[in-house]
Amino acid sequence: MGLTLNRRNLFTIGCSIAAIGYLFSIATASIGLMALLATWLINFKDLDFKNIVRPNSVQLLILFFVLLALGLTYSEVPKEGFKVINRHLPYLVLPLVFLTIKPLEKSQRHLVSKVFIHAVTLLYVVCLINAVYRQVVFSLSGGHFNWYFFYRFDFLEIFDQHPTYVSMYTLLSLSLVVFNKDLLFKKKGLFWITLLIQIAGVLLAGSRMGYVVFLGISLLYITKVLSSKSKEVIIKTVLAYLLSILFLLIVAWNIPIVKERVLYTLGYKYEYKYNNKEFIKNKTAEEQGRLLLWQDALDLIKDNPILGHGTGSNKKILLQKYKQEGHSIFLERTYNVHNTYLESLLMGGLPLLLSFLSIVFMLLYQGIKRKDFVLYSFFLIVAATAVTETLFRAQGIMFVGFFYCFLLSKTHE
């Protein structure tokens, strides 16, 4: 079915480009946001600005942005605070766009989802081609097979991406694939190819929290199947998924570099034969987990738990704390908190944390209300990833901001 280039469909194209976000680079995110705004303005005559003041779930993003702006008034580093505000502009712009424009029709939403899914698949295909090329060049020079070319930062190096953020995009894409497969895939072959490539992508991206969330989404799918009236369908699907997960675990365990990372997480030292990464060698207590990092943040939070230290102050006070405690590795690498909940408390105290929690749990509430398993998955992705990473980097902001508005802005809300 062709796509007529009217104003509404142009906005759909703008949404499709914006959905890709930071998946490939900073450029794609900027282009996507500009395309979304441009196509929104094309529909200016049809916009309803009265919706801005009508109660809606996406207004929670605006509340979070306002609290960040208020945090500037007592920030210890206003210059950094303005940078934080600038990064969070999508939390103001995206709700404005989705509140004022007529919600996308089902066919238009499906197009946005398809573009997003195929973009994720394309990313992994390109990364795999690049990894194979590097291995061939390495082998021709006398080198052994090196799993590093196919794992984590090395695997994603062509796009210079962080494994955790790429995993977030991939896990949401997988959720759309498995929970909306009948709506998005007419050909079973394309469905299975997409599914296999993206599952392999989650494995090779190497995000430990990504692995946990993947298992969670698998359990959600089994839960959905169990609600089916057909016992035969239930038995076949559950067995197929359990066997698939078991097979995936066996394959992962037999990939040396994956085994190394899993055992390292559990506190065991297992070095892949061609390991040349200094930070994996477990030399100091600082590198044995994030608990010490979080303890530093908690000590600072205790100084001002109600209002926090102000927007943009977190970097300065954390570096001072690392220096004071003698945590040289944290200091050298200028680590952030690696926990969105703690970072919320650190910057804006209880109000900002409660605002972030309201955003997260609104996904769960709406998922239950609509019986929408994609929303369940999105809730799981955001809530779980926030435990080990900060979502206040540009990649996380655009991901949460766009899909929060896109998934919650439906015709019946």
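Cβ coordinates are placed from backbone N, Cα and C, and glycine is handled just like the others.
The shown structure was predicted, so the numbers you read here are calculated from the model rather than taken from an experiment.
Feature annotation from TrEMBL assigns transmembrane segment to 20-44 (among others).
Among the features that TrEMBL reports, transmembrane segment is placed at 56-75 (among others).
According to TrEMBL, the feature transmembrane segment maps to 116-133 (among others).
Counting residues 6+ beyond its ends, the transmembrane segment (162-179) has Cβ neighbours under 8 Å at 21-23, 113, 116-117, 120-121, 123-124, 152-153, 156, 185, 191, 194-195, 198-199, 201-202, 205-207, 209-210, 213-214, 217, 221, 224, 373-374, 377-378, 381, 385, 388-389, 393, 395-396, 399, 403 in the same chain. Taken from TrEMBL, the feature transmembrane segment applies to 162-179 (among others).
According to TrEMBL, the feature transmembrane segment maps to 191-222 (among others).
Mean per-residue pLDDT, taken over the domain 'O-antigen ligase-related' (194-357), amounts to 79. What TrEMBL records for 194-357 is domain 'O-antigen ligase-related'.
Residues or ranges marked as transmembrane segment by TrEMBL: 234-255 (among others).
The transmembrane segment annotation in TrEMBL covers 345-368 (among others).
If you look up TrEMBL, you'll see 374-407 (among others) marked as transmembrane segment. Using a Cβ-Cβ cut-off under 8 Å and counting only residues 6 or more beyond its ends in the same chain, the transmembrane segment (374-407) has close neighbours at 15, 18-19, 21-22, 26, 29, 33, 58, 61, 84, 87-88, 90-91, 94-95, 97-98, 109, 112, 162, 164-165, 167-169, 171-172, 175-176, 179-180, 208-209, 212-213, 216-217, 220, 290, 336-341, 343, 356, 359-361, 363-364, 366-367.
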With the transmembrane segment (20-44) as the reference, find which of 56-75, 116-133, 191-222 contributes the most Cβ pairs under 8 Å. 116-133
